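Q: I'd like to ask you about the structure that follows.
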Amino acid sequence: MSVLVIAEHESGVLKPETAKVVAAATKIASHVTVLVAGHNIAEAADHSAQIAGVQKVVAVDDASFAHQLAENTSELVVELASDFSHILFSASTTGKNIAPRVAALLDKSQISEIIDVIDADTFKRPIYAGNAIATVKSLDSQKVITVRASAFDAADTQAACDIEARSQSIASQVSEFVSIEQTESERPELTAAPVVISGGRGMQNGENFALLNGIADKLGAAIGASRAAVDAGFVPNDMQVGQTGKIVAPNLYIAVGISGAIQHLAGMKDSKVIVAINKDPEAPIFQVADYGLVADLFDALPELEQAL
Amino acid sequence: MKVLVPIKRVIDYNVKARVKPDNSDVDLSNVKMAINPFCEIAVEEAVRLKEAGTATEVIAVSIGDKACQEQLRTALALGADKAIHIESDAKLESLHVAKLLAKIVEQESPELVILGKQSIDSDNNQTGQMLAALTKRAQGTFASKVVVDGNKLQVTREVDGGLQTVSLSLPAVVTTDLRLNEPRYASLPNIMKAKRKPLDVITADSLGVDLAPRIELVKVEEPAKRSGGVMVESVEELVNKLKTEAKVIS
């Protein structure tokens with residue numbers, strides 16, 4: 001058995017998810033190859049070679065893979081697929097975009113967002129917004145899987161393994177990259193941050209999210225939001241933590257003015273320590289919080305910033 | 001432009017799923033069911049395209065037992081022109097669903113297929129991408145904006161860290177994200193009108209797709225419960241606990 005891991009990178013910089021997906025891969029088989037597909041990806045390939053457990057890196061550097069469009073990248077992965085029993089992607093928006101396309105082209109049923117590896121065929125994955133955990137066994141000869149990176153600890157580093165450069169180009173006739181509008185932020189990315197502080201509908205408006213800034217600065221935290229806050233238009237959707245947003249599992253999660261709807265809990269309940277600040281003592285968020293504070297957030301936040 | 005909107009009947013998003021005592025699956029008996037929220041957004045987008053004069057016909061399709069006709073009627077009440085019910089009692093995986101839908105795409109030749117990015121029961125997030133692959137179409141997943149521009153489709157996608165815009169050649173497949181639109185409520189006259197709109201029923205078997213399971217559901221469990229925490233009286237006490245007890249800040 002051997003596993004192909006599709007590296008997650010942004011503009012040639014390897015993302016931390018990759019080392020976590022490799023950790024999942026090493027639980028399946030000892031032969032792990034990483035595919036780095038993109039344009040100007042030398043650095044990402046170098047860093048992939050240094051992830052413990054990786055035997056080989058295949059680097060495909062071509063303009064046709066510059067934005068990892070699903071149509072092109074899926075064809076590349078399918079071309080390489082025959083050597084592997086398992087093909088693993090991170091369950092990021094990139095992985096989720098490409099993996100099912102690969103699975104369908106290979107005529108395989110995909111297993112999404114695994115959180116644990118039982119054996120080479122059997123995996124655990126959350127369903128119903130994390131209200132149930134399913135153990136599923138793949139009956140396919142070859143598995144296409146996405147991995148919830150936050151459920152695995154990153155693999156260590158190693159002395160670099162070999163990198164095989166492959167030249168390949170697939171020009172899609174059907175889709176084209178137009179632009180990317182990146183959320184500008186000095187803060188760590190939500191899914192990688194050691195501390196996350198999120199605001200909910202209790203924040204009342206978008207301007208009040210500024211109250212979280214000082215605290216986030218002091219804690220080196222990323223700022224998130226509940227779906228209610230996103231739906232109300234307070235903040236953009238890429239800040240959303242929950243079933244329909246990002247899944248996070250930081251060391252410390254601070255929920256401010258968030259009631260704790262099922263769909264939000266699905267995105268953060270695996271955090272190591274959860275703090276909830278809410279003025280409603282009956283809010284369901286307190287049932288999952290390690291430390292609860294019943295208080296008006298407009299009093300508590302400035303106080304918290306002072307106290308840190 | 002003809003638009004096909006596949007929809008799914010799922011547990012209502014306000015209802016908490018409960019695991020069966022024998023751990024065989026989630027218990028859906030006597031549970032309120034509804035159209036999957038992302039599918040509802042897809043119906044709304046298709047209807048808006050029709051209202052804008054871009055789409056000429058909106059066809060809703062759903063796969064499942066007879067009960068899913070209820071959700072198809074909802075789609076008709078929201079503005080779809082006709083509905084197709086693919087009858088099946090089988091437990092279907094996303095790959096099966098995509099293959100059945102590919103047959104409908106073959107029959108109806110819609111320029112655009114728009115569907116939800118994921119269903120809130122299985123949380124797979126696969127069907128749209130698989131359908132795009134099987135029908136060799138371009139895909140615009142997790143869409144927050146869709147603009148038809150001649151024979152091209154500009155799709156703005158919600159990606160980690162921002163918004164990506166891609167240009168797709170039609171025909172194409174789009175999957176919806178939350179912020180694409182806010183679905184309307186069906187008015188009573190439209191609900192009445194929907195009862196007279198055409199709803200064709202065909203059997204999944206008639207489409208000649210291999211529906212043998214590829215994934216076995218071994219068991220379903222409740223997630224590990226978090227042990228109850230403590231309530232603190234003040235910000236000061238909270239910070240103290242985080243420093244000395246939880247040791248997550250210094």
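Glycine too: its Cβ is placed from the backbone N, Cα and C atoms.
These came from TrEMBL, pasted as-is:
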type: BINDING; residues: A:R201, A:226-227, A:240-244, A:257-264, A:N278; note: FAD binding site
type: DOMAIN; residues: A:3-181; note: domain 'Electron transfer flavoprotein alpha/beta-subunit N-terminal'
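In the displayed structure, how are the listed features positioned relative to their neighbours?
A: In the three-state DSSP classification, A:I258 (FAD binding site) falls within coil. Neighbour density for A:I258 (FAD binding site): within 10 A of its CB lie 31 other CB atoms from the protein chains shown.
As a whole-number mean, the pLDDT of the domain 'Electron transfer flavoprotein alpha/beta-subunit N-terminal' (A:3-181) in this prediction is 96.
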Q: Which of these binding-site residues, A:R201, A:Q243, A:I258, A:H264, are close to chain B by Cβ (under 8 Å)?
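A: The binding-site residues close to chain B are A:Q243.
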Q: Within 10 Å of each Cβ, count the other Cβ atoms and name the one among the binding-site residues A:Q240, A:Q243 with the highest count.
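A: Answer returned by the neighbour count: A:Q240.
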